[in-house]
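Peer 1: Structure incoming, see below.
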Amino acid sequence: MDLWQLLLTLALAGSSDAFSGRETTAAVLSRVSQSLLSVNPGLKTNSSKEPKFTKCRSPELETFSCRWTDAVHHGLKSPGPIQLFYTRRNTQEGTQEWKECPDYVSAGENSCYFNSSFTSIWIPYCIKLTSNGGTVDEKCFSVDQIVQPDPPIALNWTLLNISLTGVHADIQVRWEAPPNADIQKGWMVLEYELQYKEVNETQWKMMDPILSTSVPLYSLRVDKEYEVRVRSRQRKSENYGEFSEVLYVKLPQMSQFTCEEDFYYPWLLIIIFGISGLTVMLFVFLFSKQQRIKMLILPPVPVPKIKGIDPDLLKEGKLEEVNTILAIHDSYKPEFHSDDSWVEFIELDIEDPDEKTEGLDTDRLLSSDHEKSRSNLGVKDGDSGRTSCYEPDMLETDFNANDIHDGTSEVVQPQRLKGEADLLCLDQKNQNNSPYHDACPAIHQPSVIQAEKNKPQPLLIDGAESTHQAAHIQLSNPSSLANIDFYAQVSDITPAGSVVLSPGQKNNGGMSQWDMHPEVVSLCQANFIMDNAYFCEADAKKCIPVTPHIKVESHTEPSFNQEDIYITTESLTTTARRPGTAEHVPGSEMPVPDYTSIHIVQSPQGLILNATALPLPDKEFLSSCGYVAQTN
C-alpha cells in the first residue's frame, strides 16, 4: 500500500511544474485518487481498521474457541498487540476478575482456545479485545448457545430401485456423526440436514431435518450426476455446523435406450382427441335416432280416432254430423255396466228417537189406528235410502207400481177375504156334516187370515187397508194372537241386498190355552197391545198358565234363567200355546208362513216381504236382561 502512495506522490510532484495554480493540482489529485480506488478498492483514505470478533463455537459442548479479525492500519505507525480477556459471571463472586486468554496457538492465528478446564457449560462468559490498552470489542454468551458441531463424515449412497422405464432411480444416502460429538452417551443430540442438486445447477434442494444418519432420495434421473452434502446442529438450536464433503452420485444406466430426454405421455393430445371422438359419436347417434328421440322428448298429441268417423269432422267442430253417425250405428250406443251390483238399503229415520218405537212392524200388524198416508210415498233424499244409489227413472217406476198396488188392495182385499172365508166354511159343512158350521162365523176371520198367509204371493205390511182389517180381526179374537208372527231381528243380508229376518213359529191346530184361561188372555193382550217396545218379566210370567194337575211326558215348562233374563215374544207365544196342545191331541198342523226376506221397500213406513213355502224349525233365543223386547 505504501508503495502505491509513494508512486502517486512522485507522479504528482513531477506534474506540478506542468500545471500552474493550486486549483489545477487539487483537481488532478482527486482524479488520480478515484482512478486508483477504482482499480484497487482496498486503497482507502482511512488510516486504520479496528479488530472484531467473528465467532465463538463449541464443537462438542466441552470446549470452545473464539476468533477475531486482524487489525488493519494504513498509516506509517504499526498497530499495537491484540489481547483477549474473559471473565465469568458468577453470582457467588462479588467482583469480576478479567483473565487473559489461556491459549492463542491451538485454535490458530487470531484465536483463543478454551479447553475443558476453563470451560463451564452453565456459567455465562464475557470476553473483550484490547489494543494499546483500550477495549476494541466485547461479547457475552454461554457455551450451550455457541454449539456448532463438526461436519458429518463417511458419506455414501446405495441404489434402492429403478423405474420400469429405466429413467428414474431411488437411492439411500448414509453418513456418520462427528467423531468428537458424544452421541452414544447422549451428551449431545444432533439433527441433520441433507442438501442435493445436479452438478450444473446452482440452487440446492434441502430436505427436512432428521435425527437419523440415513435418508432416501427418490426419483433421481439416471443420466444425471448429483452432489450431496450434510450438516448438523444441536437439537433445538438454530446454528448449523459446517457442511460435510460433497458426495457425487452417478446412477448407472440400466436400459438400452438413451435417457437424454424424459419420456412423457402426450396426455393433452389424448384428452383432446378423446373428447373430439366422443362428440362425433354423439352427433352420429343423435342423427341416426332423430325421429325416435323426438318421439321420446316431444311425444305427439293423440288424435281422436273413431271407426267410421272422419277425424276432420272432429277437428272442424261439426258435432251434429258426428252425433248423426253415432245414432245410425247401433254398435255405438252407450253400454251400461251390468256387472255393478246394486245394493238396496233400508231407509232409517234417526232424527226423532220417539218415532222408532211407534213404527214397529208388530205394532203396525196389531194396531188398527195406523192409517196409510199418501204423503209418505214421497222420496227422502238421504245417504242411507234408495234414492242415493237408484236412478230417477227407476225410482218413478217403483213409486207408480206402489201407488197402483195400494189403490187396488184397498178395494179388492176385503172382498177376497170374505169370499175365501165363505168357501172355507161351505167346504167344511159339506165334508163333515157336523155342527161346526155353526161355529163358522167364529172361526171365519182366523181362517181367512190363514188362507191368506198360505198363498205364496207377497204380504203387504202397512201398505193397504186390508192389512189393518186383518190385524183388527186378530185382535178381536184372542185365540188368533198366537198366529201372529213376530219378526224379532235381522239375521242376514243376502249378496243381492235383501234383508233376511229370523223365522217364526208353527201354528198348531186345536183348542188353545187361551180358551181355558180367558183372564190370562186378556192380561197378555193388554200387555202386547202396549205401545212400549219392552215389558216386564213379571208380566210375561202372568201370561203362562199354571197347570199343576196335568202331567204330560212331552211337556217341558219354560224356565227363566237368572243369567238370561231377556225373553222374546216368540218364546212367550210358544209357551202360551204348549199347555193346550199337551192336553188336547192336535187335529191338524198347518204351517204358518215365515216372511224371511224383504221384497220391496214401498215407503219409509211400508215393507213387502217374501213368503217361504216351508216353515223353518223352531229356534230358541236366549236373552240376557230383565225385559222382553218386542221388535220389528
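Placed from the backbone N, Cα and C atoms, the Cβ positions cover glycine too.
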Peer 1: State the disulphide partner of Cys101 as given in Swiss-Prot, choosing from Cys112, Cys126.
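Peer 2: That would be Cys112, the partner Swiss-Prot lists for Cys101.
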Peer 1: Could you tell me which of the ranges 189-197, 297-305, 324-332, 459-467 is annotated in Swiss-Prot as motif 'Box 1 motif'?
Peer 2: 297-305
Peer 1: According to Swiss-Prot, N-linked glycosylation site sits on which of Asn115, Asn432?
Peer 2: Asn115
Peer 1: Which residue range, 60-64, 80-84, 170-174, 240-244, is the one Swiss-Prot calls motif 'WSXWS motif'?
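Peer 2: It is 240-244 that Swiss-Prot describes as motif 'WSXWS motif'.
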Peer 1: Looking at N-linked glycosylation site as annotated by Swiss-Prot, pick the matching residue from Asn46, Asn610.
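Peer 2: When Swiss-Prot is consulted, N-linked glycosylation site appears for Asn46.
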Peer 1: Kindly assign Cys126 (disulfide bond) to one of the three DSSP-derived states: helix, strand or coil.
Peer 2: strand
Peer 1: Out of Cys101, Cys112, Cys126, point to the one nearest Cys66 (disulfide bond) in space (Cα versus Cα); all of them are disulfide-bonded residues in the record.
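Peer 2: Closest by Cα: Cys112.
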Peer 1: Sort the disulfide-bonded residues Cys56, Cys126, Cys140 by C-alpha distance from Cys112 (disulfide bond) and give me just the closest.
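Peer 2: Its closest listed neighbour, by Cα, is Cys56.
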Peer 1: How many neighbouring Cβ atoms, not counting its own, are there within 10 Å of the Cβ of Cys126 (disulfide bond)?
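Peer 2: Excluding its own Cβ, the number within 10 Å is 15.
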Peer 1: Express the distance between the Cα positions of Cys140 (disulfide bond) and Cys101 (disulfide bond) as a whole number of Å.
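Peer 2: About 15 Å separates the two Cα atoms.
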Peer 1: Around Cys56 (disulfide bond), which residues of its chain at least 6 apart sit with Cβ under 8 Å of its Cβ?
Peer 2: Phe64, Ser65, Cys66, Arg67, Ile127, Lys139, Phe141, Ile146
